[in-house]
Amino acid sequence: MENNTEVTEFILVGLTDDPELQIPLFIVFLFIYLITLVGNLGMIELILLDSCLHTPMYFFLSNLSLVDFGYSSAVTPKVMVGFLTGDKFILYNACATQFFFFVAFITAESFLLASMAYDRYAALCKPLHYTTTMTTNVCACLAIGSYICGFLNASIHTGNTFRLSFCRSNVVEHFFCDAPPLLTLSCSDNYISEMVIFFVVGFNDLFSILVILISYLFIFITIMKMRSPEGRQKAFSTCASHLTAVSIFYGTGIFMYLRPNSSHFMGTDKMASVFYAIVIPMLNPLVYSLRNKEVKSAFKKTVGKAKASIGFIF
């Protein structure tokens, strides 16, 4: 039955209603979030403290860690509170805020991934010009531009989604405030909103994916010209790890946002969103950083200094 009263709060259905699964899921999500927190904030601190990591590649990695922490924190704590207390309500303004920051950080990540791919292209394909290509100003502009695009995109999508009238129901068939489940609750004409999402997300993803694919195409060509089989295998292994994370990120994003609203199945979307919003931020420090010898060396030095400081105190 249609309700003509505008909603002031939403009810997030969550992942499951089974009471026996709430505590186990809370523990799992808490574990994932703690790894995300320690991994990403630890990576930022490590890069700041070690002068050997003050290079363009690690500058982008530190920003990637920041946005991973940002969009995970926009979603995961509220989900965990729901598991622990059973509180599924979220105020209208809180829902809009959660949606805004999630979109802002997820978009910034998309452009940062493209910047990282370009940085690797410059390092591997144009090594003699690398220092003049990836200057401090260029790196800063790429990072700042990623955040500007992120918050601009978030403003567009938040305004586009929350300008609609939600008078049919306030029950969101999802575990956080996202565009597809919110659009299904609207009693306004959703066509324009769906087209805005499709074209804006499509443009952002297409631009970033093209930069990544073209960069890696030249990288692979350069790798194939390497004479050392060991060096070639190592470079291929590194690129494969990066491309795996990129494929998961863009694959789930395209699956979520570049389909008509009528083809969304909330159960499937929830599972995709778990990977997109919660698991990927946990994996990125491992895929992009902890496999790196320079990061491992910096970590060992930091731990050694910490042990020495503790020994000196006691």
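Placement of Cβ uses the backbone N, Cα and C atoms for every residue, glycine included.
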Membrane side match, SER51 / VAL295, Swiss-Prot record: yes
Among the ranges 53-73, 138-158, 195-215, 270-290, the one whose Cβ pairs under 8 Å to the transmembrane segment (98-118) are most numerous: 138-158
Within-chain partners of the transmembrane segment (24-44) [C-beta distance under 8 Å, separation at least 6 from its ends]: 15-16, 61-62, 65-66, 68-69, 72, 76-77, 79-80, 83-84, 278-279, 281-282, 284-286, 289-290, 295
DSSP-derived structure type at CYS95 (disulfide bond), helix or strand or else coil: helix
Same-chain residues near the transmembrane segment (53-73), Cβ under 8 Å, at least 6 residues beyond its ends: 33, 36-37, 39-41, 43-44, 46-47, 101-102, 104-106, 108-109, 112-113, 115-116, 119-120, 123, 134, 139, 142-143, 146, 150, 277-278, 280-282, 284-285, 288-289, 294-295, 298
Long-range neighbours of the topological domain 'Cytoplasmic' (216-235), counting only residues six or more past its ends (CB under 8 A): 117, 120-121, 124-125, 243
Least surrounded among the disulfide-bonded residues, given as CYS95, CYS187, when other CB atoms within 10 Å are counted: CYS187
